[in-house]
Amino acid sequence: MISYNARNQRIEAWVNAATEESEDAAPTDPEARDLHDQEKAQRIEHEDLCRENKQTYKGRVLLWLALQSTGVVYGDIGTSPLYVFSSTFTEQPSWQDLVGALSIIIWSLTLIVTVKYCFIVLSADDDGQGGTFAVYSLLARYANIVRTDPSGPERIVVRLDRETGAELPPAGRIVRDFLERSRTAKAVLKMVGILGVAMVMADSVLTPAQSVLGAIQGIQVVRPDLGRSAIVGISCAILVFLFLLQPLGTSKIGTTFAPVVMVWLFFNFAVGIVNLVRYDHTVLKAFSPHYAFTYLIRNDSNGWKSLGGLLLAFTGVESLFADLGAFGKKAIQLSWLVLAYPCLLITYCGQAAFIARDEEETAFTNPFFRTVPEGSFYFSLIIAILAAIVASQALITSSFQLISQLMRLSYFPHIKTFGPCLWRLRHSRHVYHDFAAMNKVPDGGWFAIVLSFILSTVFILWRWGKEQQWEAEMKDMIDPADFLLSSRSTSRNNSIAREAGDSSIRSVRLRLAPEYGGGSITPAPGLGIFFDKVGGSGDHIPKVFTQFIRKFQTRPQVIVFFHMRPLSQPTVPYDQRFVISRVTTKIPSCYQIVLRHGYMDDILTPNLARIIVNELMTFITRGPFPPDESDLPPDVRDELDALRSAEEAQTVYLMGKQTMRVHKREKRTLKNICRRVALEAFLWIRENSRTKLANLDIDPDSLVEVGFVKEI
């Protein structure tokens, strides 16, 4: 059974009660009813922003998730036995060096993976989610250290969690206050997070090729004459085929992950037991850390350099934390402690036992394939290739999801990614191992570092550009009360309203405030659906509406401010999706609709306007759809007539398109020149990124983009 925490149960109960509220519970007075609707929308918005998504699992579900996690979490770390010893030694090692290296592997898996990650890091989750950005997001929510879009809902989340953070212990408050005051600390935290993301994406470029190449090299055991070019060609063909499979989606590809990795781990475990029994069981002395220390002391700088190869034994350990949101803490702990950890320990011990007694002194060059028993080579080759593909697929799909996370946090422009999957982020490993790996930089490691630097530059540039954009947009925020003025309509406006068929606006005349031109606003037949990216409750007017009114000085007969609010759950029941309220009494027939949806809900469909009209009719009549109009009050019937006539006239979707240009500063200082170059680069990326229209599955003939220019 999946048990949600008590807070989520209260939230779901309240949302159900709020969305299923009967007409008897709502006020009958129109003004009181509108106020009631706005309060209801504000409460639902508050609960959506404060919703917790952490889940706990028990019983069979926990066991099933533990088995599933093996196919995703351990694809990378599980294939490390293919190349750890061959990457560590350049010649046949002595027994003491072999056992010393094995001891380092054992204690790295024990201290770094088991103790650090499994028991400590997994507890530092952000509402059940893990990864570098999850930790950074957790800090940002409880300490005001990140600049957010002032017109976006994130500002409310930061404010709410900042208030609840008052319950922190004294030491926690001291750290939080330091982070909020120190600009240097904020910059360091941002750089660490960005660098970690950039490094894992750079690693994702290299690791698939390395894993597949290590598996294909096993063919040389039976075909020594097979050249390196042939090995590389076969590996490239497999990788190309793997990328061609990506449009199928990870749900289809991922169904084979867990069985492949489980068979791989159990096969390695069995081979390790056989090699320990047949060859040299004394290598089990490596469980004593004494051999690890003596290895490093005896080999001096060469021992330190060899750590660059030994760290491959725990590559992919970050996936234990990054995949926390998909499987949960207990499932990952169970799968590691019961399955992956013992299998990997025995695998490395078995390989060391074979290498210690290898008379040909070549087993260390290809430790996996040369240590498998006779008669099982071809099976081991097939399962190794499949396991390498699993590890590669996990990195490929994790990069896709990582890019999605970057886009949501305004660190990357909008592009299209396929196949949501679990994302993995690289955390700081043991410092000693990291410095030891630096000796690989001249031999090819420089590529990953350069790529990480380029990606980090793009992330920082885009985030800085977005902050400059938000700062410029802050100057355009308009108070609805200062934008529109209303009065009794003249006879001329009455005739226009009658032609439009809107009896609800016959006695109201709208005009712009004097500071915005002061012109009269005339009604036009039709239903106008304005896409609102902010969606705040109350008397909120989206920017696309203000730009439309200022440019054309007309308004649709019926106005809808439409906002889509994504929730962190697969789907939202249909009867809980729509939250409707009237925006302001100054604008007749003006509604705000918030569409709450999950990440698997298909909401932007060609019949979106028809769905919106049906929901509005239900909202206006406070009853079932279609309504029984015989007993409705006259004002309600007039409102329904206005809605029907507007839909029959035309339906128009209106979306804002903001074009930005760099403001020319008077002084041509070095700082201004650098700022202009950076902003021009940001705007070039912005203009060439994916547009909003690409995600809309609605009639293009009914879509209008309202363009406006903004200087930054």
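Placed from the backbone N, Cα and C atoms, the Cβ positions cover glycine too.
Summarising the annotation, TrEMBL assigns region 'Disordered' to 18-39. If you look up TrEMBL, you'll see 30-39 marked as compositional bias 'Basic and acidic residues'. Feature annotation from TrEMBL assigns transmembrane segment to 61-86, 98-119, 226-245, 257-277, 307-327, 334-356, 376-396, 445-465. The domain 'K+ potassium transporter integral membrane' feature in TrEMBL is assigned to 65-416, 436-483. The domain 'K+ potassium transporter C-terminal' annotation in TrEMBL covers 525-712.
Counted over residue pairs separated by six or more positions, the transmembrane segment (226-245) shares fewer than 3 Cβ pairs under 8 angstroms with the transmembrane segment (445-465), which leaves the two as not touching. A contact links the transmembrane segment (61-86) to the transmembrane segment (376-396), because at least 3 Cβ pairs that are 6 or more residues apart lie under 8 A. Sequence-remote contacts of a segment are chain residues at least 6 beyond its ends whose Cβ falls under 8 Å from one of its Cβ atoms, and for the transmembrane segment (376-396) they are 71-72, 75-76, 78-79, 82, 203-204, 207-208, 211-212, 214-216, 218-219, 221-222, 238-239, 242-243, 246, 250, 253-254, 256-257, 260-261, 263-264, 267, 271, 316, 319, 368-369, 421-422, 424. Across all of the domain 'K+ potassium transporter C-terminal' (525-712), the predicted model scores a mean pLDDT of 82.
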